[in-house]
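What Swiss-Prot lists as signal peptide is 1-26. The N-linked glycosylation site annotation in Swiss-Prot covers 49, 144, 256, 334, 454 and rests on sequence analysis. Residues annotated as disulfide bond in Swiss-Prot: 93-342, 254-266, 290-311. Look at Swiss-Prot and you will find 186, 379, 434 tagged as active site.
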């Protein structure tokens, strides 16, 4: 009896300690959240009607890996709006540099590199948007273990992003169980399905999962090496960008090769094909050519980087290297190392990169996750033809055949097809490049709003 009583007392004491630790942990999270609140960014417009937070979440204490985030909440009250995580690709490119500063974020950097203007088509008008620099070593994210940047790949990036979400939600508990989506572009065609798969697997058996994943949205994504190589070749030849000889060489050497690390013969075929493009921007073949790179060789290497167009981030680069901006963002940066939009070290040393995301995408559909994929039809980097080949390879059931969709001005915004009783939607965006929200911001917001509402894009003018 005495032993039972003592055991009971010990159990009660243990419960009290655990409860106390939970309270302390909760208080620490609240305190850190308030420290993360952005009072004002340098040069930001006055009288904003939304809140911003930014800072770090440690994902591996032993290695000292910490990921940087920037949360731009929806206009107040934001409590009913979903949470959307935005990821850029590369691999090795910053979501703060591209997604936040050039595409779907609330601000654009002015030509002076010092002041900001409002983005009229910011996605935080309809959702709370969370931008993440991933993996560690990209943008403002960092690691205290230098070898991390030489050994990272898809697997660790996904695991770290999952840990980030779990720990970030402790800091922002109001977003627990909130409708959650993952969006992004380019190599995020790997990041997004892989992270979604982790969430789905770890949510199994949970009645009210903390990460309430509802769907994913991918723009001009890399999802399958074979089909993307095939689609790239087709797009280049069909648009008159390359010769018959280059078409044949790409067919011979590149179809079964790696997108990230092509072998010698494929590399030679790609370089020859690129030399035939002339003075155009492959990220948007109908836009003025990029003049950032000093030589054609540098231009081709930058394009082959297959991350994001560095030509569009000149103003952002200047802004993000301002120490006052770092202070306002609560960002840590080595004073001797300038902020860069992409990490060439990470890109060059990327380790694991599965050849195809199609099996994962099919698994996500079987888990009844909603998937939208969109393509800017002027992108020659990861063109629409590759994505269409990939979707066809999955042999999905068509629910609504190919049709033109119309935006709010009654004009054709692109073309779309719906599969698997509405679970997967594919759509193109007219006159848009690799970064659709950059070249067609109005259409991108229109598409995003329909995605969140689970409404098909309109098939007739309104």
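Note that Cβ sites are derived from N, Cα and C of the backbone, with glycine treated the same way.
Residue 256 (N-linked glycosylation site) is 23 Å away from residue 434 (active site) when you measure Cα to Cα. In three-state terms derived from DSSP, residue 266 (disulfide bond) belongs to a helical segment. Counting other C-beta atoms within 10 Å of each candidate's C-beta, the disulfide-bonded residues 93, 254 are led by 93. Comparing residue 144 (N-linked glycosylation site) with residue 49 (N-linked glycosylation site), their Cα atoms are 37 Å apart once rounded. Of all the disulfide-bonded residues listed here (266, 342), it is 266 whose C-beta has the fewest other C-beta atoms within 10 angstroms. In the three-state DSSP reading, residue 434 (active site) counts as coil. Cβ neighbour count for residue 49 (N-linked glycosylation site) (all protein chains, 10 Å cutoff from its Cβ): 8. Distances between the Cα of residue 49 (N-linked glycosylation site) and those of the recorded positions 93, 186, 379, 454 are shortest for 454. Cα separation, residue 266 (disulfide bond) to residue 256 (N-linked glycosylation site), rounded: 10 Å. The shortest Cα-Cα distance between residue 454 (N-linked glycosylation site) and any of the recorded positions 93, 342, 379 is the one to 379.
Residues within less than 8 Å, Cβ to Cβ, of residue 379 (active site) and separated from it by at least 6 positions along the same chain comprise 220, 282, 283, 284, 285, 432, 433, 434.
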